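Notes follow once the structure below has been shown.
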Amino acid sequence: MTLRNSSSVTEFILAGLSEQPKLQLPLFLLFLGIYVFTVVGNLGLITLIGLNSSLHTPVYYFLFNLSFIDLCYSCVFTPKMLNDFVAENIISYVGCMTQLFFFCFFVNSECYVLVSMAYDRYVAICNPLLYMVTMSPHVCSLLMFGSYVVGFAGAMAHTGRMLTLTFCNSNIIDHYLCEVLPLLQLSCTSTHVNELVFFIVVGVVITTASISIFISYALILSNILRIPSAEGRSKAFSTCGSHIIAVALFFGSGAFTYLTTSFPGSMDQGKYASVFYTNVVPMLNPLIYSLRNKDVKLALGKTLKRVLF
């Protein structure tokens with residue numbers, strides 16, 4: 001579909017994951033299930049942390065924010081994605097730019113929430129006696145505020161530059177959401193500055209976050225290896241296991257997505273790969289952080305007793 005007379009685009013068509021009609025219903029049911037699990041899991045964890053004073057500690061404060069971000073950025077695009085499987089897959093220009101902004105905001109913020117969680121683990125293992133002093137409510141609030149500020153700055157950079165472009169002729173976005181690179185392909189004006197901004201923002205976010213997390217865990221590992229007892233080492237490793245898995249899934253899938261889309265003709269591969277970090281990771285995070293967590297299980301048991309009895 002193209003717009004006549006090269007007029008400016010007022011709406012976009014989201015190509016989605018597949019154009020085959022017979023796949024639309026199965027895909028709808030699959031992603032509906034993922035979305036329901038994501039909402040229930042993250043909202044449940046948010047509620048559980050909020051209702052139990054035993055979980056009002058720095059580590060769960062960060063987990064509360066991680067669940068909040070996962071819930072929000074899943075809600076930014078998944079309802080529209082589900083609608084597109086069964087109805088017209090049209091999104092307005094304003095709606096597309098709004099979706100782009102909030103998606104970038106929450107994804108960038110999550111990177112630095114994961115950094116804050118790594119720092120929290122570092123303090124807990126390497127300086128346990130000073131933990132409550134170092135990770136005071138003021139420090140935790142500053143770390144979260146900084147995470148959201150960085151997320152906002154990145155989203156403003158991407159969206160602000162996107163608003164300067166003119167879109168004409170084709171208005172079909174080869175994706176299931178309004179992402180930076182698929183949108184740049186539709187511009188009929190120069191995108192050199194946008195591409196530069198994209199790679200700078202993504203590069204800075206991923207590099208600084210990855211290095212910070214790597215340094216935190218290098219220091220943690222060094223400290224753990226000096227623990228004399230095997231039981232002590234095992235306990236220390238177990239406190240970091242969930243976070244390491246979450247970091248590996250989020251950064252690994254995100255990096256793979258943007259690496260694949262940076263090669264010519266590989267946009268489809270990037271689109272399919274992005275499903276993992278946009279849909280699957282937010283669903284898995286509540287499970288990763290709660291399945292082996294004794295504090296969460298205990299709080300859940302107490303909450304259920306209060307509600308049921």
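The backbone N, Cα and C atoms fix where each Cβ goes, glycine too.
If you look up TrEMBL, you'll see 41-289 marked as domain 'G-protein coupled receptors family 1 profile'.
Feature annotation from TrEMBL assigns transmembrane segment to 27-53 (among others). Listed as Cβ neighbours of the transmembrane segment (27-53) (distance under 8 Å, sequence separation of 6 or more from its ends, same chain) are residues 17-18, 60-61, 63-64, 67-68, 70-71, 74-75, 78-79, 81-82, 85-86, 279-280, 282-283, 285-287, 289-290, 296, 299-300, 302-303.
Annotation source TrEMBL lists transmembrane segment at 90-109 (among others). Below 8 angstroms of C-beta separation, residues 9-14, 69, 72-73, 76-77, 80, 147-148, 150-156, 158-159, 162-163, 167, 173, 177-180, 183, 201, 205, 254 of the same chain, each at least six residues beyond the ends of the transmembrane segment (90-109), sit close to that stretch.
Long-range contacts of the transmembrane segment (129-150) within the same chain: residues 58, 61-62, 65, 108-109, 111-113, 115-116, 119-120, 123, 205, each at least 6 residues beyond the stretch ends and with a Cβ under 8 Å from a Cβ of the stretch. Residues annotated as transmembrane segment in TrEMBL: 129-150 (among others).
Counting only same-chain residues 6+ beyond the ends of the transmembrane segment (196-220), those with a CB under 8 A from a CB of the stretch are 108, 111-112, 114-115, 118-119, 121-122, 125-126, 150, 154, 157-158, 161, 180-181, 184, 236, 240, 244, 247, 251, 254-255, 258. Sequence annotations record features per position, and here TrEMBL assigns transmembrane segment to 196-220 (among others).
Non-local neighbours of the transmembrane segment (240-260) in the same chain are 66, 107, 110-111, 114, 117-118, 121, 125, 202, 206, 209-210, 213, 217, 220, 266, 269-270, 273-274, 276-277, 280-281, 284-285, 288-289, 292-293; each lies 6+ residues outside the stretch with a CB under 8 Å from one of its CB atoms. As annotated by TrEMBL, transmembrane segment applies to 240-260 (among others).
Packing against the transmembrane segment (272-291) from elsewhere in the chain are residues 17, 31, 34-35, 37-38, 41-42, 44-45, 63, 66-67, 70-71, 73-74, 77-78, 175, 177, 179, 242, 245-246, 249-250, 253-254, 256-257, 260, 297, 300: each is 6 or more residues past its ends and has a CB under 8 Å from a CB in it. As annotated by TrEMBL, transmembrane segment applies to 272-291 (among others).
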Taking the domain 'G-protein coupled receptors family 1 profile' (41-289) alone, what is its mean pLDDT? 89
